[in-house]
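Everything on this sheet refers to the single structure shown next.
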Amino acid sequence: MEKSSETNGYLDGAQAGPAVGSGAPGTAGGRARRCADFLRRHALVLLTVSGVVAGAGLGAALRELKLNRTQITYLAFPGEMLLRMLRMIILPLVVCSLVSGAASLDASSLGRLGGIAVAYFGLTTLSASALAVALAFIIKPGSGAQTLQSSDLGLEESGPPPVPKETVDSFLDLYATDYKVVTHNTSFGNVTHEKIPIGTEIEGMNILGLVLFALVLGVALKKLGSEGEELIRFFNSFNEATMVLVSWIMWYVPVGIMFLVGSKIVEMKDIIVLVTSLGKYIFASILGHVIHGGIVLPLVYFVFTRKNPFRFLLGLLTPFATAFATCSSSATLPSMMKCIEENNGVDKRISRFILPIGATVNMDGAAIFQCVAAVFIAQLNNVDLNAGQIFTILVTATASSVGAAGVPAGGVLTIAIILEAIGLPTHDLSLILAVDWIVDRTTTVVNVEGDALGAGILHHLNQKAMKRGEQELSEVKVEAIPNSKSEEETSPLVTHQNPAGPVASAPELESKESVL
C-alpha cells in the first residue's frame with residue numbers, strides 16, 4: 001500500500017500506458033501502439049520543447065535579413081499574444097485558487113502548512129544567496145572588465161538605469177516608489193537636503209496584495225460555516241473553469257514560445273561581443289542556477305520525501321519551457337498548476353494554496369543572479385567587500401526577493417536595493433540589463449522549480465500527517481474496547497459501536513468478584 005502511494009500521477013500514467021498495447025508486445029503493431037500512446041501523452045511537452053528549438057533557429061536565420069524595428073514587432077506579435085493571455089488568466093487563477101484552497105483547509109492545517117512553506121522559502125532563498133556569493137568570489141566575474149562601458153555593447157538607447165530604492169520599499173510598496181530631493185535653507189545659512197518618497201502608479205497588478213486578500217477571504221468564508229458554503233462553491237467552480245481555459249491556452253504555448261525566442265534573438269545587436277565581454281558574469285549566474293536547481297533543491301526534496309526528485313520534475317517540462325521562454329514566474333503559474341496536479345498527483349488543496357504564494361515570494365533564481373551581479377559590480381569598481389557587506393548582501397537579497405515582481409527583468413530593480421545597501425554606485429546596472437534577457441531565463445526556471453518542489457514536499461508531509469492521524473484513531477478504537485470497565489470509562493466511539501458492551505460485561509464482573 002505504501003509503495004503504490006509513493007508513485008506520482010506522472011509515473012502511474014507512464015507505467016499504465018504500455019499496458020494498452022500489451023496485447024502483442026513483440027509485434028510491430030504493439031510497438032506502434034505504445035509509441036502512439038507515448039506521443040499522445042507527451043504531445044504538449046514535445047511541442048513546447050520543439051517550439052524553443054524552432055524559435056532559436058528562426059531567430060538565427062532572420063538575423064541575416066537585418067529586420068527593422070517595425071518588422072521585429074510584427075515578428076514578436078504571436079509571442080506577445082501568449083504573454084497577454086497568460087497575464088489575463090493570472091488574476092482569476094490566483095484569487096480563486098487561494099480562496100478555495102484556504103477555505104478547504106482547517107485552521108491548524110493552514111497554519112502548519114503555511115509555517116512550513118515560509119521556512120522552506122526563506123531557507124532555500126538564503127542558501128541560494130550564499131551559493132551565489134561564493135561562486136562570484138571564486139570565478140571573479142568583474143576582474144578584467146573594469147574598462148567595460150555600456151557604449152561598448154550598443155546600449156545608448158537603453159535609457160538611464162533604474163532609480164535606486166530603499167530596502168524597506170520592497171515590503172511597503174503599494175505603488176512604484178520614486179524619490180524627490182528637497183532643499184531646506186535654515187536661518188543660519190546651512191543647506192540641508194531631504195529625500196522624500198513619492199508613490200507613482202504603475203501598470204500591472206499587486207500580486208502580493210491579491211495573495212494576502214484571497215487568503216484572508218478564504219479563512220473568513222471557512223469561519224462562516226454553512227453560510228459561506230455557497231460562495232466557496234462559487235470560487236471552486238470559477239477555479240475549475242479557469243483551469244479549463246488554461247488547458248486551452250497551453251496548446252498555443254509552443255507557437256507563442258517560438259516567436260518569443262526568435263524575436264529576442266533577432267533583436268540583439270551583437271551577441272558575440274556581448275558574451276565575450278560579460279561571459280564570466282553570465283557563466284557564474286547560470287552555473288549558480290544549475291547547481292541550485294540541479295543539486296540543492298532536488299536534495300532538499302529527497303531529504304523530506306525519500307523519493308526521486310527528477311521523476312517528479314520530469315512531469316513539469318512544459319512549465320519549465322514556458323518559464324524559459326516567457327521569463328515570468330507569474331505567467332508560468334497556470335501551466336505549473338495544471339501539470340503538477342495532473343502529472344504529479346499533488347493535492348489540489350496544496351498546489352492551489354502554495355503555488356500562487358511561491359510565485360510571489362519565492363525567488364531562488366533571482367537571489368542568485370542578484371548576488372552575483374552585486375559582487376560583479378563591486379569588482380568592476382575595485383571595491384573589496386568586507387564581511388559586513390557580504391552579510392548585508394545575503395540578508396538584503398533574501399528579504400527583497402519577497403517583493404520582487406514575477407515579470408521579465410523584475411529582479412533588476414532589486415539589485416539597485418542591494419547596491420544602495422552596501423554603498424555601491426548604480427550606474428553600472430545598464431551592463432546587467434544588457435545580458436538580463438539571457439540570465440533571466442534560467443532565473444525563472446529555478447524560481448518555478450523551487451515552487452514546484454515545495455508543493456511536492458508539502459503534499460508528502462500532509463499525506464504523512466493524515467496517515468498518522470488515521471493510525472492513531474484506529475489505535476484508540478482497538479485499545480478502548482478491552483479496557484472498558486464501566487459506562488463512564490468507555491470511549492464515545494466504543495459506546496456507539498458496541499452499546500451492549502458495558503451491559504454484557506456486568507455479569508462477568510459479578511462472577512469474578514464472587515470467585516475472589
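Yeah, the Cβs are placed from backbone N, Cα and C, and that goes for glycine too.
Features reported for this protein in TrEMBL:
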COMPBIAS  13-22  compositional bias 'Low complexity'
REGION    1-26  region 'Disordered'
REGION    478-516  region 'Disordered'
TRANSMEM  43-62  transmembrane segment
TRANSMEM  82-105  transmembrane segment
TRANSMEM  117-139  transmembrane segment
TRANSMEM  204-221  transmembrane segment
TRANSMEM  241-261  transmembrane segment
TRANSMEM  281-304  transmembrane segment
TRANSMEM  310-333  transmembrane segment
TRANSMEM  353-378  transmembrane segment
TRANSMEM  390-419  transmembrane segment
Beyond a gap of at least 6 residues from its ends, the CB atoms lying under 8 Å from the transmembrane segment (353-378) belong to 93-94, 97-98, 101-102, 105, 110, 113, 117, 121, 124-125, 128-129, 131-133, 135-137, 141-142, 207-208, 211, 214, 281, 284-285, 288-289, 292-293, 297, 329-330, 332-333, 336-337, 340, 384-385, 393-394, 397-398, 400-402, 404, 406, 410-411, 414-415, 418-419, 422, 424-425, 428-429, 432, 439-440, 442-452, 454-455, 458
Check the transmembrane segment (117-139) against the transmembrane segment (281-304) for contact, please; criterion is three or more CB pairs under 8 Å, pairs 6 or more apart in sequence.
yes
For the transmembrane segment (82-105), out of 43-62, 204-221, 241-261, most C-beta pairs under 8 A are with 204-221
